[in-house]
Amino acid sequence: MPARSAIRCVLAATFAVAAGLRPMPGLSFGSSTLRPLAAAAAPPRRRLRSPPPQLLDPLDWLADQLEVRLRARREGKLRRPKRIILVRHGQSEGNVNRTAYQSTPDSQIALTEVGWAQGVVAGLQIRELVKNESIRCFYSPYLRARQTLLALLQAFDSQTVQLSSEPRLREQDFGNFQDDAQMSRVLAERQVFGRFYYRFPDGEAGTDVFDRMASFITYLFRTMTERDYFDDGRAAHEPAAPPPQNYVLVTHGLLMRIFCMCYLRWTVTEFEQVWNPSNCEIWALERDEGRPTYELRGRWRASPFGGGFTDVKFGKNQTEIPPAHMKRPLISRPVTPGAPDALDGPELAHLRDVPKPRGQRAERCTTGPLTGDAVLAYWLGDREKSEESRSKAKEALRDRRYD
């Protein structure tokens, strides 16, 4: 083996360790490897009667290993479940009597009899959607969510259903025991401050819920892609279980909206236009055949005679149709600065509504107002236009002072 090949062996071994790959049989990465390689690099003492067998090039082996991993990743994306189904818990004691939170921890608020019946109906509706397909359920550890899970599982009698408790699907933390009078003031303040950004005293903000939901979605999709993720206890001789065809998430209303916000990449403005689902309302995201991504189909409703989808409640009157870009993952929102229609698309509405800077701030300037147009003109080298913009701004400021 020439010296150059020995170097390539060591290089391949280094790459393999960095990539976390198993070593090629017969090849170790310690100092014991270098001695045989050095000996192999030395000239032979005698001529071989026949040429040595062709060995596998380590770099070729490394390329093969990487290709296997990439292929497995591509195939894993196409093994993803057909649907992700989101279900809000049934009617709870807190929904009908807000004072229940004063003496009962939020995690221990139970369903009412109506809420249990809603859970049973939700299970029947989900069964109508998935038929006899397999499902795996992830559920909030809160009592009302666990009760809803047990109620809807009655529709899957005699069918094996895989269950996973998931604390990241819990309700937003509103702050320990909640005094009713104080919560009324807090909720009013929240409307003024902004529902997504407001942090409840001793509790969470919507931004905190978003962060843990982003973590959960990363985990959720890893379970879809990695083969045998849930089969750690399976004996080596047992065949791997087929991946579930549906994921069902039993959670809370805000969590359903933030799941969609996080996965579909809604802006805060878009998120705040989507209304909270009703008790045991079912939302479904479906994957097109041959595609790894999901589309929000909307609310699923069914009866013994069939079912169908309607849009989620959206807009001021809850009857507006959500824009098409909110139903699929939106990786980016392209814009052409300077074009007359640069911000005309519905996906850029959150930028069209951005207000201009407040004029009062210019009064604090000691060197005279410097408008955005003046800055841009100065940056582009048009000093004459920059001074013209500054003069107009000074005149406008002087007029405001004398008015």
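Numbers run from 1 along the shown chain.
Backbone N, Cα and C define each Cβ position, glycine as well.
Binding site for substrate per TrEMBL: Arg88, His89, Gly90, Gln91, Ser92, Glu93, Gly94, Asn95, plus Arg144 from the candidate set Arg79, Arg127, Arg136, Arg144. Around Gly94 (substrate binding site), the same-chain residues six or more apart in sequence whose CB sits under 8 Å from its CB are Ala100, Tyr101, Thr104, Asp106, Ile109, Arg144, listed in sequence order. The separation of Glu171 (active site, proton donor/acceptor) from Arg88 (substrate binding site), Cα to Cα, is 11 Å. Put simply, the two farthest-apart Cα atoms among Arg88, His89, Gly90, Gln91, Ser92, Glu93, Gly94, Asn95, Arg144, the recorded binders of substrate, are 15 Å from each other. According to its DSSP assignment, Arg144 (substrate binding site) is helical. The shortest Cα-Cα distance between Glu171 (active site, proton donor/acceptor) and any of the recorded positions His89, Gly90, Ser92 is the one to His89. In this structure, Gly94 (substrate binding site) is part of a helix by DSSP.
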